[in-house]
Every structure is written in C-alpha cells, then in structure tokens.
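Student: Marked as domain 'PurM-like N-terminal' by TrEMBL: 25-134. Under the heading Mg(2+) 3 binding site, TrEMBL lists D27, D72, D208. Residues annotated as Mg(2+) 4 binding site in TrEMBL: D27, S42, D72. Look at TrEMBL and you will find D44, D119 tagged as Mg(2+) 1 binding site. The Mg(2+) 2 binding site annotation in TrEMBL covers D44, D72. Among the features that TrEMBL reports, substrate binding site is placed at H51, D259, F317. Sequence annotations record features per position, and here TrEMBL assigns ATP binding site to G118, D119, R143, S210. What TrEMBL lists as domain 'PurM-like C-terminal' is 148-300. Look at TrEMBL and you will find D211 tagged as Mg(2+) 5 binding site.
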Amino acid sequence: MTEFDFIRKYLQNQQQDHQVVLGIGDDAAIVRPKSGYDLCFSADMLLKNKHFFENVLPEDLAWKVLAVNISDMAAMGAKPKWVLLSAGLPELDENWLRRFCNSLFDLAQRFGMILIGGDTTRGDLVFNVTIIGELPQGQALRREAAKIGDDIWVSGKIGLAASALNCLLKRCELPSEVFQQCEAELLRPMPRVALGQAILNLAHAAQDVSDGLAQDIGHILTASNVGAEIWAEQVPTLPQLKESLSRGQWLQYTLAGGDDYELVFTAPESCRGALEAASQQTDTLITRIGKITDSGRLKVVNSVSDGLEIALTSLGFDHFG
Ligand code: ADP
Ligand code: MG
C-alpha cells in the first residue's frame, strides 16, 4: 500500500459536513465559519513511550489520540468540528491502519466531527492532531476568568487513569477488577464535550485535567491571579481504588496524577442549582471540591471540616520537570 492508497481508501470516504468547502485531497482544506461563532483551535502531540506504550492496540491508540484533543475543545466550551491528523508511521501496515481508522472515525462520528486533512510520513510512531471547534462568539471558557469566592467543580472521577498507569509501571498493586476499571479510563477517556457546552453561560474559568488536578487548577489560579483551597476528601474517586492504595499513593494519583481528561471549572455560588441541572441534563457527574480564595496560592487541605493542610511532593506532570 502506498501513502496515496492509504489516503484514498481510508481517509477520503467520510460523511460530509456543509461547512467543509473542501476536504481531503487538495493542498489544504477549507471550512466556512458560521456567523456569530468563533473558531477555536488546538493541537496535541502524542509520542510512543511517552504518551502510549509501544504495544498499545491500534483501536485504543486512535481513541486516545483524538480524545485528548477533543478534551481541549470541551474545556473551552466549544463544539469540536474538524480534525487534521499528522502521523509518523514506521510502515503502512494495512491491517493496523484499518483498525486505527475504524476507531478514529467511530469516536469522530460520535461527536459529529470530520477529518479534513493531515500529513503522513515514514518515521517513528508519532501523532499530532490539530482540532478546530466552534463556539458562540465571545463565550469561550477561559483560564483567566476565575473570581474570588467561586466554587471549584470537577467532572467525573479523578485519579483512575494515573492509578492504572502506576500499576502498569509496578509502582502500586491493584485488584484486577479495580485495575480494569482504571485502565479503561487510561486507554479510552471520554471527553466532556456536552458538559463543556452546558456550562458555557454558568462557569467562569475552565480547563481539562490532563497533567494532574492540582497543577491544572494552578494554571487557572495563575491566569486569574487568585488562590484556591481544595478539599482532598471531596475529590471524587472510585471507593475500591481508594481502599486498595496507601493514603500517600491515593493522594498523589488523585491530586497530581493526570490523564483524567475531566473538566475542572469555577463558578459563582449562585449557579449551583443550574450546574446541578446541567450535570443531570448531560448525564455527567460533577462535584464541588474547593473554593477560589484571595490567598494567591493553592492550598490543599484534607477536608472542608478539618482544614488540615496536605503537602504534595509533586503537583503534576511536566515534560521538562
Ligand atoms: P501535500 O503534498 O500537500 O502534503 P499530501 O499528498 O501529503 O499533500 O496529502 C494529500 C491529501 O491527503 C491532503 O488533503 C492531506 O491533507 C491529506 N492527508 C494526508 N495525510 C493525512 C492524514 N494522516 N490524515 C488526514 N488527511 C491526510
Ligand atoms: Mg503531505
């Protein structure tokens, strides 16, 4: 199979979208924005042995490559629409590529997204996705918008993916059912697109949890020039996971693990009822885990009632740390 066979056979025959003026096949794609909307762009790169293991199934790999990018759109409150996929592939293994593409298009179609271009070269296995989303003009959820007194909320359950990863790296042990539940989150995170859009007019600041909850909240604090208090015991978890880990491991994986692809956002107290409604309407668990404060720093305490401060050894993942 040649590069051009691959493009023709696997990439070109997709459902259409009336905003795509020109899709795959020319030197560049053209999309037409809707009036009254902003376009939102993001890119994320995934490297072998850094973001995925070499022996990962092509279905799981494709899912993760796209899901982590969709998650950035969710964090802006945007609707993901178009994708460009650049791939370095050691060879064009048709069976592997078919499985990869089936999974990629399965996830793309769930969100009504279209692959409009990319690049394919021979090389070490690497992917870079550029994703384009759409959102009502001027309404994006930005990191700089947190206000003192805001509640801090998080979606889903935190720390499962990091626990699975640490288990694979032999840094902890988990009962097999617990491991399987955690590994599913590590391999196939489900980006919170519906929630992101549902909180557009309610939340102040938002971001997705990719590198560790504490570190990612830290980005909101820095951008908004505020502080926060987080209540560790209120952070949603899997009870069996918490029982299986030491207290130190649980705190580390939950507060500083990463790979969750949940949303963390701030909103005024007056929005609590509307947020609970948005949570129900989008069938997405949300939990209040802290407050934005004027302290200028992130303070992690054991629980809201005891206020005992916890010192974390690391706040999250840093590629150059
Ligand atoms: P160019 O020479 O301009 O780089 P290519 O021959 O590489 O063009 O690509 C031909 C068409 O196929 C282009 O529309 C490009 O966007 C698309 N394409 C190539 N690789 C991919 C890929 N991995 N995913 C999606 N589209 C791709
Ligand atoms: Mg090319």
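A Cβ is built for glycine as well, from the same backbone N, Cα and C atoms used for every other residue.
Distances, neighbours, how buried they are, the whole picture for these features please.
Tutor: Looking at the domain 'PurM-like N-terminal' (25-134) alone, the prediction's average pLDDT is 96.
For the recorded site, D208 (Mg(2+) 3 binding site), the DSSP three-state label reads strand. Just so you know, the Cβ of D208 (Mg(2+) 3 binding site) picks up 25 other Cβ atoms within 10 Å once every protein chain is counted.
DSSP gives S42 (Mg(2+) 4 binding site) a strand state. When Cβ atoms from all protein chains are considered, those within 10 Å of S42 (Mg(2+) 4 binding site) total 19, not counting its own.
D119 (Mg(2+) 1 binding site) carries a strand DSSP state (E or B).
Proximity of D44 (Mg(2+) 1 binding site) to non-local residues of its own chain (separation of 6 or more, Cβ distance below 8 Å) is seen for V68, N69, D72, N128, V129, I131, given in sequence order.
For the recorded site, D259 (substrate binding site), the DSSP three-state label reads coil. Non-local neighbourhood of D259 (substrate binding site): A161, A162, L165, E185, L186, P189, S210, each in the same chain, at least six residues away, with C-beta under 8 Å from its C-beta.
The Cβ of R143 (ATP binding site) lies under 8 Å from the Cβ of A205, A206, Q207, H219, I220, A223, S224, each of which sits 6+ residues away along the same chain.
The Cβ of D211 (Mg(2+) 5 binding site) has 20 other Cβ atoms within 10 Å, all protein chains considered.
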Student: Count the other Cβ atoms sitting within 10 Å of the Cβ of H51 (substrate binding site), across every protein chain shown.
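Tutor: There are 17 such Cβ atoms around H51 (substrate binding site).
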Student: Just counting, how many other CB atoms are there within 10 A of the CB of S210 (ATP binding site)?
Tutor: 22
Student: Please check each of the binding-site residues D27, H51, G118, D119, R143, D259 and report the ones with a CB atom less than 6 Å from an atom of ligand 1, ordered along the sequence.
Tutor: D27, G118, D119
Student: Taking Cα-Cα distance, which of the binding-site residues S42, H51, D211 are within 10 Å of D119 (Mg(2+) 1 binding site)?
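Tutor: Matched binding-site residues: none.
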Student: With every protein chain in view, how many other Cβ atoms are within 10 Å of the Cβ of D72 (Mg(2+) 3 binding site)?
Tutor: 24
